[in-house]
Amino acid sequence: MQFPLTLKSCTYYAAIFLFISTFSFSLPALSQATVQQEHILVLYDSAALTPWKNSYSDALLSNLAGMQGPLSNSIIYYEYLGLQGPRSDELIAYLKYKQQVSPASIVISTLTLTANLLFDEGDSIYPQAKKLYVLPSQQTQDAVVAKGDPNSKILQSIYGRSIRKTLEVMEQSVPMLENIYIISGQSNLELEFLKVAQGYLANRQSVIETHFLTGLTPAEILSEVTEFKANSAIMVMMYQEDRLGHRYKTTDITSRLLNLASAPIFTPFDVAYIDGVIGGNFNNTQATADATWDIIKAMTENQPIDTVSTTDSQYIFDQQQLQRWGIDETLLPAGSLVLNRNLNFIELYPRELFTLIIALVALIALIMHLKIKEGILKRQKTLFESVISSISDAILLTDTDDKIFALNSSAATLFGLSSSQLLGLKSNTLLHQDTQINDSLLIASTASPDDSKPRLSIYTKSNGSNFYGETLSKEIITEDGEVLGNFALIRDVSKRLSEEEEHRQGQKMEALGNLAGGIAHDFNNILGVIIGYTELSLVEKTPQSPRANLKSILKATSRAKSLINQIMTFSRDSKIDQKPIDLAKTLNETLKMIRVSIPNHTKLITNIERHGKPIFGVKIQIQQIIMNLTTNAYQAIPDTGGIIEVSLTRLFCKADTHLSHGVLIPGNYSVLCVKDNGSGMDTKTATRIFEPFFTTKHSAQGSGMGLAILYKLIKNHGAILDLSTELKLGTCIKIYFKEVDADIPLRPDKEPLSSIKGNNRHILLVDDEIDLLYPMTNLLTNIGFKVTAFGEPIKAIAYAKRHPEVFDIIFTDQKMPNTTGIQLIKEIRKFCPQLPAIICTGYSEELYKSQITDLDSLTILKKPSSIEEISHSIDAVLQKNQSLSLPIPPS
């Protein structure tokens with residue numbers, strides 16, 4: 001829409017639109033659904049900013065700024081009062097032009113006059129916009145409701161309630177009140193408000209006289225004011241039209257009254273509340289603004305909302321006017337807002353003043369305290385510097401960036417740098433370059449779960465040489481938990497470590513000597529058994545078979561093999577193939593062998609329960625445990641004689657029980673106990689007897705690896721050891737073996753040799769030891785194998801090359817002159833690629849794993865091996881190889 005703009009009209013508009021202010025906001029969405037731009041227009045009836053208008057505008061704008069959405073809003077103040085005819089038409093044309101330039105989606109009218117304008121002309125000015133009437137007159141409110149426009153909402157006026165509450169507070173608070181003068185205009189709206197006041201006054205019983213000045217002209221009102229009676233109060237109602245039809249502003253008549261009246265002035269209308277008026281009950285601006293914003297949000301989000309909403313009112317008074325007219329604040333209703341207080345500093349800021357006084361007192365006390373502390377700190381600093389300087393170890397203090405800020409002279413000497421060169425350096429630059437990776441004194445100290453223990457690091461001096469340093473570091477933390485830095489003490493331990501290494505090597509050599517003596521002693525015992533039974537077989541003149549003697553010789557060789565295995569077990573962790581074992585049976589068998597070794601002056605007493613459940617274990621190792629315990633027991637008994645008690649009992653443990661070398665958890669146990677009344681041990685010795693290389697005997701009396709092997713075997717079986725001993729009274733060792741919970745049948749022994757049939761399968765046997773080659777060839781031949789034996793690996797390779805199809809398996813020694821078993825197998829498999837093989841070696845199979853990764857169908861067998869073990873291994877390999885290469889039957 002366009003309309004003519006002339007110099008005259010521009011001048012006129014400048015007079016009409018006294019104040020136009022536009023505020024724009026770019027904000028996120030009001031909700032997830034709001035994506036379009038919303039423009040909100042707020043209309044006021046004039047540019048006269050009453051306290052209510054100011055408060056309402058501030059509260060409304062605060063709500064708009066605090067919410068979210070692509071949103072803008074404009075506020076227009078205009079002089080609608082008295083505009084009629086062409087002037088009114090020009091105002092309407094201007095508003096249409098503004099709507100065309102910046103279309104508003106929501107238009108808000110405030111108070112009565114803008115409500116009248118919006119209702120009369122809103123459909124033509126804002127045809128597409130939603131309309132919100134804030135505090136309209138009752139007449140306009142009824143008209144909007146009757147129209148039934150769904151896009152029009154009302155926040156209704158509560159002026160009737162405000163009028164009644166203002167009259168009540170006048171009667172309650174004004175001292176010696178005898179007369180109330182009520183001044184009002186004569187328009188329909190003003191007469192409507194006047195009826196509310198008249199109705200309230202008519203229904204009350206009071207000696208206070210009421211005088212109504214309705215529709216009088218300003219001159220008539222001012223004339224009447226001069227004649228007001230004593231002890232009076234004035235309530236100014238809405239005054240915008242007199243009895244002659246002339247239009248006015250309520251604020252104009254109120255300001256004139258203030259100049260002439262000798263009585264306090266109250267009003268229930270914000271349009272009349274100006275400086276000099278005591279106050280009254282008004283619409284609560286914050287509540288009205290909040291309610292307005294709730295309706296705006298509902299309209300923008302298309303949420304259902306009632307056509308008419310209500311808001312609260314609030315008592316507002318001016319303290320200066322209350323004091324002027326002698327009105328006691330305590331007589332005002334609770335929750336009243338009192339403005340313009342004349343407070344002194346103490347009344348305005350009591351808490352702040354109290355805090356300031358406390359702070360000043362504390363500051364004075366702190367200054368005095370600091371002066372006292374200053375001398376103490378100086379003495380402490382001198383003492384601190386003296387202490388760290390007297391320490392021979394290097395001391396470094398670092399900040400939170402790991403930079404050195406303090407050190408002692410020993411640190412400078414140790415690293416070959418001056419104090420000035422060390423200050424400011426990061427501590428990790430002192431470390432050897434291979435240990436600098438993300439390391440520092442601070443990091444290292446916090447990385448360890450126990451920072452009370454020193455850690456070993458390699459440091460570099462200024463001359464490039466390295467040294468080992470033990471570093472003990474600790475964070476510097478205040479009482480409040482703030483980390484200030486790190487303290488580190490560094491000690492050069494290079495010389496000590498070198499000496500310790502030399503001592504350790506000496507101990508190793510001594511221990512190896514003891515070990516060799518002990519092993520020689522055990523092997524001498526075993527050889528003695530073998531020699532004894534062999535000689536016995538040779539000298540016996542009875543015609544009976546020497547079979548029993550030969551069995552004893554085989555048992556002795558098994559003990560020798562077991563001894564080697566225990567030495568290997570001690571040197572590395574071996575996988576143990578455990579199976580259910582009858583511990584009572586094994587104990588009885590072992591004690592039969594032991595009895596012949598026990599001296600005559602020692603008595604052996606046994607007590608064995610035979611109804612226990614089996615345990616999981618390795619039989620030969622269980623026997624080693626029993627033999628080791630009993631051997632140590634009778635060696636502890638003096639020549640005067642003594643007793644060894646060996647027992648096997650059952651125990652049910654109900655709860656965790658702590659023993660000398662572990663914790664017994666609930667369950668069923670078989671308890672092996674070996675007890676003697678020998679020399680016993682003191683506490684110091686008892687704590688070390690299970691350490692490797694530790695012995696209290698002379699090397700000639702050694703027992704191999706002693707109790708160190710025993711303890712390792714016990715742990716491998718998951719058993720718990722309990723040791724009790726007393727010097728000169730004896731020793732008791734109990735081993736708690738966990739019983740198998742389920743009824744697992746005991747595995748039978750290996751298939752007897754007599755049941756294995758060679759079935760004429762052909763073995764290529766290679767070993768450079770002729771004394772081993774001959775009996776092995778005959779034994780394998782006796783059980784049905786066909787054997788072609790060679791003592792020289794080269795001849796074996798040549799023969800296999802000439803006859804590649806005749807052999808079913810290779811059985812070879814590993815360590816031979818000029819070649820190894822692995823090399824021999826590789827050579828033969830060049831022309832016999834599928835031929836399975838067994839390597840027999842006295843070394844650990846771990847030594848050969850890297851060499852046999854590319855060899856399939858290869859088994860390693862430990863030396864020494866009985867013919868039974870050899871035949872079982874050959875049979876198992878042949879059966880496995882046969883299952884992998886079975887021919888496909890014809891279809």
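Note that Cβ sites are derived from N, Cα and C of the backbone, with glycine treated the same way.
Worth saying up front: this structure is predicted, and the values here are computed from it rather than measured.
If you look at the domain 'PAS' (380-424), the same-chain residues 6 or more away from its ends with a CB under 8 A from one of its CBs are 430, 440-443, 459, 461-463, 469, 476, 483-492. The domain 'PAS' annotation in TrEMBL covers 380-424.
Annotated domain 'Histidine kinase' per TrEMBL: 518-741, in sequence order.
Residues or ranges marked as domain 'Response regulatory' in TrEMBL: 762-878.
Residues or ranges marked as 4-aspartylphosphate in TrEMBL: D813. Proximity of D813 (4-aspartylphosphate) to non-local residues of its own chain (separation of 6 or more, Cβ distance below 8 Å) is seen for V766, D767, D768, E769, G821, I839, C840, T841, given in sequence order.
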Looking only at the domain 'Response regulatory' (762-878), what is the model's average confidence as pLDDT?
85
Where DSSP helix means H, G or I and strand means E or B, what are the helix, strand and coil counts for the domain 'Response regulatory' (762-878)?
50 helix, 29 strand, 38 coil
Per DSSP, what is the residue tally for the domain 'PAS' (380-424) in helix, strand and coil?
22 helix, 11 strand, 12 coil
